[in-house]
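Asker: Questions regarding the structure given below will be posed in turn.
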4 protein chains.
Amino acid sequence: MSHNTFGHLFRVTTWGESHGPSIGCVIDGCPPGIPLTEADIQPWLDRRKPGGSRFVTQRREADECRIVSGTFDDGEGPVTTGAPIAILIENTDQRSKDYGEIARAFRPGHADYTYQAKYGVRDHRGGGRSSARETACRVAAGAVARKVLGQDVAIRAGIVQIGPHRIEDDRIDFGAVEHNALFAANAEVVPAWAAYLDDIRKAGSSIGAVVAVEAVGVPAGWGAPLYGKLDGELASALMSINAAKGVEIGAGFESAALTGEQNADEMRLGDDGAPVFLSNKAGGVLGGISTGQPVTARVAFKPTSSILTLRRTITRDGTETDLRTKGRHDPCVGLRGVPVVEAMTACVLADAMLRQRGQTGWAFPSFSETQI
Amino acid sequence: MSHNTFGHLFRVTTWGESHGPSIGCVIDGCPPGIPLTEADIQPWLDRRKPGGSRFVTQRREADECRIVSGTFDDGEGPVTTGAPIAILIENTDQRSKDYGEIARAFRPGHADYTYQAKYGVRDHRGGGRSSARETACRVAAGAVARKVLGQDVAIRAGIVQIGPHRIEDDRIDFGAVEHNALFAANAEVVPAWAAYLDDIRKAGSSIGAVVAVEAVGVPAGWGAPLYGKLDGELASALMSINAAKGVEIGAGFESAALTGEQNADEMRLGDDGAPVFLSNKAGGVLGGISTGQPVTARVAFKPTSSILTLRRTITRDGTETDLRTKGRHDPCVGLRGVPVVEAMTACVLADAMLRQRGQTGWAFPSFSETQI
Amino acid sequence: MSHNTFGHLFRVTTWGESHGPSIGCVIDGCPPGIPLTEADIQPWLDRRKPGGSRFVTQRREADECRIVSGTFDDGEGPVTTGAPIAILIENTDQRSKDYGEIARAFRPGHADYTYQAKYGVRDHRGGGRSSARETACRVAAGAVARKVLGQDVAIRAGIVQIGPHRIEDDRIDFGAVEHNALFAANAEVVPAWAAYLDDIRKAGSSIGAVVAVEAVGVPAGWGAPLYGKLDGELASALMSINAAKGVEIGAGFESAALTGEQNADEMRLGDDGAPVFLSNKAGGVLGGISTGQPVTARVAFKPTSSILTLRRTITRDGTETDLRTKGRHDPCVGLRGVPVVEAMTACVLADAMLRQRGQTGWAFPSFSETQI
Amino acid sequence: MSHNTFGHLFRVTTWGESHGPSIGCVIDGCPPGIPLTEADIQPWLDRRKPGGSRFVTQRREADECRIVSGTFDDGEGPVTTGAPIAILIENTDQRSKDYGEIARAFRPGHADYTYQAKYGVRDHRGGGRSSARETACRVAAGAVARKVLGQDVAIRAGIVQIGPHRIEDDRIDFGAVEHNALFAANAEVVPAWAAYLDDIRKAGSSIGAVVAVEAVGVPAGWGAPLYGKLDGELASALMSINAAKGVEIGAGFESAALTGEQNADEMRLGDDGAPVFLSNKAGGVLGGISTGQPVTARVAFKPTSSILTLRRTITRDGTETDLRTKGRHDPCVGLRGVPVVEAMTACVLADAMLRQRGQTGWAFPSFSETQI
């Protein structure tokens, strides 16, 4: 993680502003020989892209990606070559509008003030670099990471809380996520949540959310103690998503109220002689290394900062003012966080897989290679 | 963050196992000319060290640190030279005992199984590299980081939750932490918490906790979007601490239940013309960059995994067994997390300060240099 | 330095292949507030671009760069914002031709065989990623680095040897470089060199060269011992240029034949009381840190590997063959190395400047701040 | 490469000053399960250590290393665990002497002035951090790197030039190096070189040297284009050695005088069907990736800067003076560079091996896995 690049062996660099001509990413360190075309990436971008329902911003972007380097077709379709994969996405719906007020005043909850304080200059058009638009690049990179991980690792996320409404752990069903516009991880909550969110939207307000993610199929052994722990890497990757304010692994903050007896995931041997955990409070990570159980995490998203209610703020020339953020916005930015959480998880895991392979020589153990 | 090193410009590398001859750290990139002796570090180590009360492990370590490089006394006392600062700490209380059972069986909740799975070998003596003993090195590095930050930045942490007992936000008093053996951030809770923890301890059980931390005096402008965000760096640094399972910044997971109106920290101008925030839901970070408000975070710690109750587990040669973890342990490992959370926060901030200075030329703005 | 990224604080990532749709670079960590448009970059690209004389490849590329992120015009012209600067360059003259033979056979001296051996796949079109075409991105990044360094640091390179013809050290005149198509660092050698190179070119052969570079105005104090030494960073940056086979700093390999008396650069005080070196065998670097004298280096370039003479080689399906490399090629690839050597030197220095500022708080000392 | 750490996956951090209590290194990222004790390291340290002959400094150091972390003996002897390997070496012969003059005056050719200019403070005792004493740590790390590389890769270096005396390429015999105190790569030159160096030594002077190194057994495929090229990594690693002023790969600077016909290493198939190069002008690296031929490099060392002849210099308080560097010094510091060049080469190769394995899944191809 270093400014606009993350990852160690599977490294992603992103660039671009909300209202610039384009955005993009460069993926370096990808293994060679992996079939890859835009068709592997576009579905994930389509899933993230705005304008898909009334619950997300009405900005309409085609979000068509183009791979402009790093693949080569030697007769059997394009495959990765080991060279950096550059992906470009044009910005097509940057409305030309009067940014006068936003250019002067700092929108509360946004990064306007901090960018100005840090850099002495800021691209105020649509949030510039701090816009959630950048997350399209993360999703594109995540699509490539999924190809690196292969079929054996499945990563799924969904909304498990929106405002005061929460899906209990034992009712989470990631299979429901693709079938509702709220990305809710349970089909039954959708009508009530939709009504709730409609009210929020009509009021010009916004609301926070929690996204849960799980990665199934990660073998035991990924992650690099002590400062490259799998959970530490996940924490920074997920916290780096726009509007994220908290990350927890496994039982997370609930762990604080557990006793050692409740928390320790006991072990037994399965029918095939392989280790079996009897619970997963650890969220699939012990000592920073994967256990072979599903890796589970949750990310808290704050409500969208752009709301219609007048808020008190100041301007860059040092006067007080009140500001109402008009424009096309998300009533619950967490919804759009779902594909991004998946993508960041995929990138972290692909990186961990390559690092594991680098240090030890194996990424996925065959049964006979199982190390215990 | 990379295996056993963290930080970009202020970089800390740690080494050593629980029962090896010594542990240590190397701090690279420290600015030159900073007065530094063991006396700057020892108090922080003393505060962390085990054996101080009945609430923590009875392992007794002198934890005496020695600075063996990176400082030079040219007549006015030792100062940092810009060269790597190596700090050594001897292990003096590694009891020689029979590790027979632990060597074979994987302690549930510990990293035994995952280290074995990853590396095919593990130093089972006291947890080896995965032992909380390593955190002494973090505390030593944090002491140096505090010197880099100087007097203007104050970092304080304390326990705000232990099991079901929680200190409400408006009752947190970091000033109380130094005056009770529980590191509790409120004096009034101490008797009840002590009784509760005594019960846990006598039952051979353990309990989780939440540590809150705040850093006051961080100017607006530190942090490097997008993948070196101040909160992202904090998240990985804090999640890398032994037993940490969750990290939140500012309102954290509570943000999920807030509306945009509740969450946006409004701004006004103070009497001196400087920007003033009217609340701090953001935890002092917007868009990954510090706002000038206190940087606040919370870390969830799971209960100590070593408990006296028999737990089901397996052995490395593939048999099922039941294990009771005897020995000297902490009923609430979160207590000892307090100085470590402070130390990691200090290291992240020192690194952010140097990176800010590298990119922009300033670390602390003078009033006239204020960038807005 | 890490695969396709180099630099620590001023970081450059490049992507793109010789015959892909475009190439580009992302510059991360650039200080904010620096005026920057394509007009700052294009002249350097024009100077490097092929097709300019009969001495370089006849491939014709417009090499027009577009800055698509990282700058913002807030009314006084575009300035850097601190966000990543992405620069795109279209490939316009990738001739569609039959690559049949090159696709099968490994061109001796080229990276064909090694890319195939490493990755199991290679983009054979024009050398793919290993093509010198990539150096356009380095030159673009170098142009930005020059802006970061400012007017006080001047970097100039030129050819000082071509085949057996060498310009003695005391006759090097970097002022001559811009006035001859051979980039020769002495005007008088040009007629003889041109005739010599014409003979090489007409014979379908090629020849090696040495490029010298100097950076004037670098203050004492840049560079980070021990493994981030200024000369170590220069060595890897310059050795990473296509066809480079040697790098030396100051007296370089000649040092091996010098005595300590000859080699030690003695010091005196100048009229202004500032330190003055009486010679510069060190090439402006002692102990990996700049001395304040000109930083001088030399880079050896091997002859272009593409020649018309039949060479023995093998094919990827394991047969022996003879190959003649037709196409548009440089008789002396070292000529085109001149702007690239300058650019890499600029990038290394900009990075060293920011790192120095990060660790110590200053980049250029004012007289009163001089540290001795 | 970053200040006091180098390597990407096989990472070495060193610390310590010439006259501090000890020096040491931390090796992170080492694969697990490799048998390792001090006995694997000590012979290499003994070979480097001063005091061994009249040709090197008379400082006498036991240079006894202790491994204090990262290995574990589970019954079959200590093996690496994957945790950081810390190695300590005590300084035992730091003579207490009057450093008065050196403390004030900058020794020409040394890093005294530049450390003072950069840091505003310097440990003047024996050169502090800039002393060649630090290279003991590199040699210790190199010993571990050799274990990682295994028996198949053999790395040997030797002196091929000392002052005006040079061993022609076709007379280099690395087998001779161990049998003479000059580390000369040819037995016949020893008497003349010894007499020459005796004269230098008696005159209180010093002389430069060139060290050649070759690594045999490196398979095709190691190295990471474009900014992690194997030759680029070697260049920075070797240039970072004290007193190094030039690095060349393969034909190096001689390449400048070669034609394309002379330079291109033609290929044929060997009796076993494997690729065979008919020459090795490339030094075993094409496009930054190993070819399978021996990797060959040469490093130029300047003469020891400490000489008995009075040299003009200045003091830190800004006066002119003349200085004679007394003490225990090497007449040819290049001699002691031989084991260090080998060690750095081993570290670079071990790192490249792990990176290759991380990205592609293999480090050493079996015959059937050969990628072409």
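Every residue gets a Cβ built from N, Cα and C, even glycine.
Where the annotation comes from TrEMBL, it is an automatic prediction and has not been curated.
Quick paste from TrEMBL:
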type	residues	note
BINDING	C:ARG48, C:ARG54	NADP(+) binding site
BINDING	C:ARG129, C:SER130, C:SER131, C:ASN242, C:ALA243, C:GLY287, C:LYS302, C:PRO303, C:THR304, C:SER305, C:SER306, C:ARG328	FMN binding site
Asker: If you measure Cβ to Cβ, which of the binding-site residues C:ARG48, C:ARG54, C:ARG129, C:SER131, C:LYS302, C:THR304 are under 8 Å from chain D?
Answerer: C:ARG129, C:LYS302, C:THR304
Asker: Can you filter C:ARG48, C:ARG129, C:SER131, C:ALA243, C:THR304 (the binding-site residues) down to those whose Cβ is less than 8 Å from some Cβ in chain A?
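Answerer: Listed binding-site residues meeting the cut-off: C:ARG129.
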Asker: Cβ neighbours within 10 Å, counted over all protein chains: which one of the binding-site residues C:ARG48, C:ARG54, C:ARG129 has the most?
Answerer: C:ARG129
Asker: Return only the integer: C-alpha distance in Å from C:THR304 (FMN binding site) to C:ARG54 (NADP(+) binding site).
Answerer: 15
Asker: Can you grab the distance from C:ARG54 (NADP(+) binding site) over to C:LYS302 (FMN binding site)? Cα atoms, rounded to a whole Å.
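Answerer: So the Cα of C:LYS302 (FMN binding site) lies 19 Å away from that of C:ARG54 (NADP(+) binding site).
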Asker: Name the residue among the binding-site residues C:SER131, C:THR304, C:SER306 whose Cβ has the smallest number of other Cβ atoms within 10 Å.
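Answerer: Lowest Cβ count within 10 Å among the binding-site residues (C:SER131, C:THR304, C:SER306) is C:SER131.
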Asker: Would you mind pulling the DSSP three-state label for C:ARG48 (NADP(+) binding site)?
Answerer: helix
Asker: Provide, as an integer number of angstrom, the distance between the C-alpha atoms of C:SER131 (FMN binding site) and C:ARG48 (NADP(+) binding site).
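Answerer: Their Cα atoms are separated by 14 Å.
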Asker: If you count Cβ atoms within 10 Å of the Cβ of C:LYS302 (FMN binding site), leaving out that atom itself, what do you get?
Answerer: 31
Asker: How long is the line from the C-alpha of C:LYS302 (FMN binding site) to the C-alpha of C:ARG48 (NADP(+) binding site), rounded to the nearest angstrom?
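Answerer: For C:LYS302 (FMN binding site) versus C:ARG48 (NADP(+) binding site), the Cα atoms are 18 Å apart.
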Asker: Per DSSP, to which secondary structure element type does C:ARG129 (FMN binding site) belong, with helix, strand and coil as the options?
Answerer: helix
Asker: Can you tell me how many other Cβ atoms are located within 10 Å of the Cβ belonging to C:ALA243 (FMN binding site)?
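Answerer: If we count other Cβ atoms within 10 Å of C:ALA243 (FMN binding site), we arrive at 25.
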